[in-house]
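Notes for the one structure printed next.
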Amino acid sequence: MPRNCIRETSAKENEIFLWKMDPPNKERRSPENGPSSARTCCSSLKMFLVALSFAYFAKALSGSYMKSTITQLERRFDIPSYLIGVIDGSFEIGNLLVIAFVSYFGAKLHRPKIIAIGCLLMSLGTFLIALPHFIIGRYKFETSIRSSVNSTSDLSPCPVRSSVLAAGPSASSVPSSGCEHESMLSMWIYVFLGNILRGIGETPVQPLGISYIDDYALEENAAFYIGCVQTISVIGPVFGYLLGSVCAKIYVDIGFVNMESISITPGDARWVGAWWLGYLIAGLITLLSAVPFWFLPKSLPLPERRLAKYSPERTSFIKDSPLLEHKYQADEPANFLEMAKDFLPTLRSLLGNPVYFLYLCITIIQFNSLIGMVTYKPKYIEQHYGQSASKANFLMGVINIPAVALGMFSGGVIMKKFKLSIMGAAKFALGTSLLGYFLSLFFFAMGCENASVAGITRSYTGMESLYKVDSSLLASCNADCQCPETNWDPVCGENGLTYFSPCLAGCRTSHGSGIDTVFEQCSCVAVGNHTASAGQCNNRDSCHRVFPYFLALSVITSFIISLGGTPGYMLLIRCIRPQLKSLALGFHTLTTRTLAGIPAPIYFGAIIDTTCLKWGQKKCGGRGACRIYNTTAYRIAYLGLTLGLRTASFFLCILGLVVLRRHVRRQERNTLTNGGTAAAAGELQALRKEENNSCNSDQCPQTADYDPERETRL
């Protein structure tokens, strides 16, 4: 086709396009107003960047707060860890329901407004999670301690030849009042449904937000902008875990009970913090994050520098198809029926990219390891190192999460500074992951002994260790007490041994109230004055010595592994066609959350449950939450599963690197040998310069929404 014919058709099409889109406002597109349009584009993009960062912050805060409350929810609803995994995975179930449709159809619609609707749904789901606190009764825990100092009768945990006090077997075997009502409806269902709603609302934020930035930012700035957003998303968990730390210190029924009557401390296995309060705060923040998106435009004009520069890496991994060439233009009218017909062919084309497919498999395995590890890490710190839930959350927020944020931001800066190619980004991500993996092996050496509990981990003489099959809470020293074996009400004897309850310690009398209660005449405490104090013994000195080293190594490994986060994410974006970015990001999120986000917390929790030494009992009967774990088995199961999954992923990483290198070399050879393509590219470049010159001479209109792909077709 003659070149002058192409130019005349292109100018005509541009005139029609300008008249349809904005007929009254022609001055804005004049050459004199070009810089003003560029400034408007830049300011709108920065406003979207700030709004998206706040939305990332809000969703990350509420998500991390959910993980900080898993032990609180276990104790409040008396459920095992695997059921907590089901609740945690319900967020991913919500994503699964709508993410494919949001990612595909959302790219054709008003992306900022769809994100705003998602934020509103997230806020509603967060409020729903807090609802059970306001409809369930007051929290009641097992205790043999008087709640009031004004009580005149001395408490006798072990009345000789008596039928036991209120917490005895007879009381345990008969359902208490209100049991019939509780058995009909489990309140954790509200938490489950609220988390599903949170997952539905969170769906459009990542795929539509990231693709919006990558569409309208300069190519050299896109990695930096996305790195900033990802960094903010990691700062959100800092505040989420700090909020969890504050709320875990506050008693669950604060404002409704006399705090002087509470006989347990935040370090007790029966303590439940004000978990509901944090969800109300997180829901309000998420609600505010929806506001800016209502005022942002559907699309932005492309920067001038981007019009003249297109990276061959962006389009070299999926073959061009004439069937798909005219699709997926953001400014074309959206026809839902036509888009629906194109969905399966487009998805087939996307999965036909071997680099994308291998990347998908690798991240599924690594996300299984990451999600399981992060979900139960606060609980691991609590159970293994004897820390309270409040302190565990505080350490996660102040020490561990900032290291991840710094690592992700540094990774984005490194990629921008050294202008890493696709191969460079892949090698960098693999290298940091391997280094962090080898350092993580040292966690196995940072062990901690089991807590000394009479009849569970130690004999009643305190001289020998017990295994689970040999454990028995009954002994000759408490045989006359007829004690219940289900109520966890620990006391610390003078001999440094923890007893399951005052009754099982053989204590006959007590004085004082609340946490200051002292039990006397304890027949199982064979030293001193035969006394015991309320609460579990805190004499695990070796754990306290090794804990700082655990924290230091945790910070180092988190920083090193997260260095490869942003380069790895940019690898995902750069290995696909620009028109398929939203679908690729959405499908990646869909598969990782379906095959990692949902099952990982469940099977991690189920394996952790196997290390439980003593279960609590629900008020209406049945197994409740675990009271004490075998810390050695817990460490092996938790760390072994985490690092085992990462080991498997490295085999696929090596295969993916080989496939990626072959593709890069093949495309380099095609670029050198395909003279026709190079000549066509040169001709179009010359044509673009001639048209620009003619536009500068006021011979044709100029538009800020100019698209070189439209010119190529014409």
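Glycine residues also receive a Cβ, built from the backbone N, Cα and C atoms like all the rest.
Fair warning: this is a prediction, and the values are worked out from it, not measured in the lab.
So that you can see what the record holds, here are the features copied from TrEMBL:
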- 48-665: domain 'Major facilitator superfamily (MFS) profile' (DOMAIN)
- 79-102: transmembrane segment (TRANSMEM)
- 114-136: transmembrane segment (TRANSMEM)
- 222-243: transmembrane segment (TRANSMEM)
- 276-296: transmembrane segment (TRANSMEM)
- 356-374: transmembrane segment (TRANSMEM)
- 394-414: transmembrane segment (TRANSMEM)
- 426-446: transmembrane segment (TRANSMEM)
- 471-526: domain 'Kazal-like' (DOMAIN)
- 546-573: transmembrane segment (TRANSMEM)
- 636-660: transmembrane segment (TRANSMEM)
- 690-714: region 'Disordered' (REGION)
- 693-702: compositional bias 'Polar residues' (COMPBIAS)
Do any residues, 6 or more residues outside the transmembrane segment (394-414), come within under 8 Å Cβ-to-Cβ of it, and if so which ones?
64, 68, 223-224, 226-228, 230-231, 234-235, 237-242, 244-245, 377-378, 381, 387, 420, 428, 432, 551, 554-556, 558-567
Listed stretch, out of 114-136, 222-243, 276-296, 546-573, that has the most CB pairs under 8 angstroms to the transmembrane segment (426-446):
546-573
Report the DSSP secondary-structure composition of the domain 'Kazal-like' (471-526) as helix, strand and coil residue counts.
9 helix, 11 strand, 36 coil
